[in-house]
């Protein structure tokens, strides 16, 4: 009963995602000239101004270390947390030498 | 000087320097954790006071003075947008975390791996602060993950107990699934609108409300209902909260389900999908969302949550499991307040409901913190949390008993204490909006009354064999409990003043009738 319901909701979610991924109703793929300016204006800005504003010629590193450096700091914290968590959980049990 | 960045820097530095500090050994790491969380509390209080005094939304750009790009009219950098709601949550988070760390000094004394414990606790606090102050939706996800991963590890921290590991695994699987739903929602929004700043996203969605944003909203709300422990998906919570160390249960139950759950739901609905803006568009006959459906969905889950959560609390034999189910029930009240706030948007009723929901977030954090501290004290001193084995603790642990009575009466919502005012606002608004909702809310409270009366009998009644040799816990555990009791009493005495002076402006700022959240960003455009 529960499994059937779960499977049915997964099928429903998949259907919704397929509709959303259909260019006629939802997301467009392979954006061309006009659409690029409409949907990817932020990316266009980074491409145009990245070199002069940040100084790096690699746009990806310009974004992840300058424009969105705070997210990178967050990702580093995620890694730090996972390591601290893994080390904490794999430590010896109490009373075990 | 702008103190806002220090709200992140302080716990981040504290957590990253903990492995080095703990090389000094012994007490240093504990003092360091107390100092760092105490400083963070001070900074959060300053930020809250600043925002409250000026009654304006604080916008801070990471890496520049202006979030808007050169020669364009859209934000390109990550911003923090701290309104009163965020500042209030940050204050609550730092306050309860500080007390939880103080409490762990004695409570965690017999455990090993304490340097990791304090690191993870500080990271948990950092993650929650990051979630409540951010104005960028991807950044919100990053800090939600920091918070979640720290809490998975802390739930399973006692790795020699089977229930800790079981609960940790369950929490991790369910939580990761919920996080991936949230990430999918964010990806859809970015694909359609091309920006990640919440306030600018709100404008873009209002300009062009598409099917995609509806689907993204469904994914976001679905994932966040998981994280807040609403009823069909609350099963991780009732395992995770009892299995964690009690200081962590207090943080999980008081803060994590608020910051990563109901706060985020409210921020996404009122910040990004803004019912006011869409209602305004509709009067001009433009395409707009009708958020009433969403409001009713949230009300539906809220009613389910508050009845089932509180009813399940009645049949528990484990003290912490009972408190965990009671947390599920209280989340129901908060969601009910937000739900009515959406369907009755722009009305006096909606405002009262939002005030009640915001107020109840703070009250529940304080009260549930106290109750889990008490459960921890009982486990620490007696060694069991089974309600059938405990009775007659009152003579041996008088302070703990009195604190419990105050905490229990506050969470049920009896008049002299703080729980009354917030619950009253939620009852009042639901009764004015639709009397059936008020009846459901009262049924939930009746169950919660029965559940807490059962626990009361373990403190009163005949002394059982187990409690004959029991003493009160030491100072480091008594002090946090005492502070919370005093806060509950003081907030109870001044409940209506607090409601008028703090909670009502907070609800108004969250409701943003004039689109304040968006305007705070827009005022930068043209200045750059």
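The backbone N, Cα and C atoms fix where each Cβ goes, and this holds for glycine too.
What TrEMBL says about this one:
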- B:74-118: domain 'NADH-Ubiquinone oxidoreductase (complex I) chain 5 N-terminal' (DOMAIN)
- B:135-448: domain 'NADH:quinone oxidoreductase/Mrp antiporter transmembrane' (DOMAIN)
- B:6-24: transmembrane segment (TRANSMEM)
- B:31-52: transmembrane segment (TRANSMEM)
- B:84-105: transmembrane segment (TRANSMEM)
- B:117-134: transmembrane segment (TRANSMEM)
- B:211-237: transmembrane segment (TRANSMEM)
- B:249-273: transmembrane segment (TRANSMEM)
- B:293-315: transmembrane segment (TRANSMEM)
- B:322-345: transmembrane segment (TRANSMEM)
- B:357-379: transmembrane segment (TRANSMEM)
- B:399-417: transmembrane segment (TRANSMEM)
- B:437-462: transmembrane segment (TRANSMEM)
- B:474-496: transmembrane segment (TRANSMEM)
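Residues of the same chain lying 6 or more positions beyond the ends of the transmembrane segment (B:357-379) and with a Cβ under 8 Å from any Cβ of it are 85, 88-89, 92, 96, 99-100, 103, 107, 241, 245-247, 249-251, 253-255, 258, 262-263, 266, 319-320, 323, 326-327, 330, 333-338, 341, 385, 390, 393, 397, 400, 403-404, 406-408, 410-411, 418-419, 421-423, 425-426, 473, 477, 480-481, 484-485, 487-488, 491, 498-499, 503, 506-507, 510. DSSP places the residues of the domain 'NADH-Ubiquinone oxidoreductase (complex I) chain 5 N-terminal' (B:74-118) in helix, strand and coil in these numbers: 29 helix, 5 strand, 11 coil. The stretch with the most CB contacts under 8 Å to the transmembrane segment (B:31-52), chosen from B:6-24, B:249-273, B:437-462, is B:6-24. Most Cβ pairs under 8 A with the transmembrane segment (B:84-105) among the ranges B:117-134, B:322-345, B:474-496 are made by B:117-134. Counting Cβ pairs closer than 8 Å and at least 6 residues apart in sequence, the transmembrane segment (B:293-315) and the transmembrane segment (B:211-237) reach three or more and so form a contact.
Within the chain, the transmembrane segment (B:474-496) has long-range Cβ neighbours (under 8 A, six or more residues past its boundaries) at 99-100, 102-103, 105-107, 363, 366-367, 369-370, 373-374, 376-377, 380, 399-400, 402-403, 406-407, 410, 416-418, 420-421.
Computed over the domain 'NADH-Ubiquinone oxidoreductase (complex I) chain 5 N-terminal' (B:74-118), the whole-number mean pLDDT of the model equals 91.
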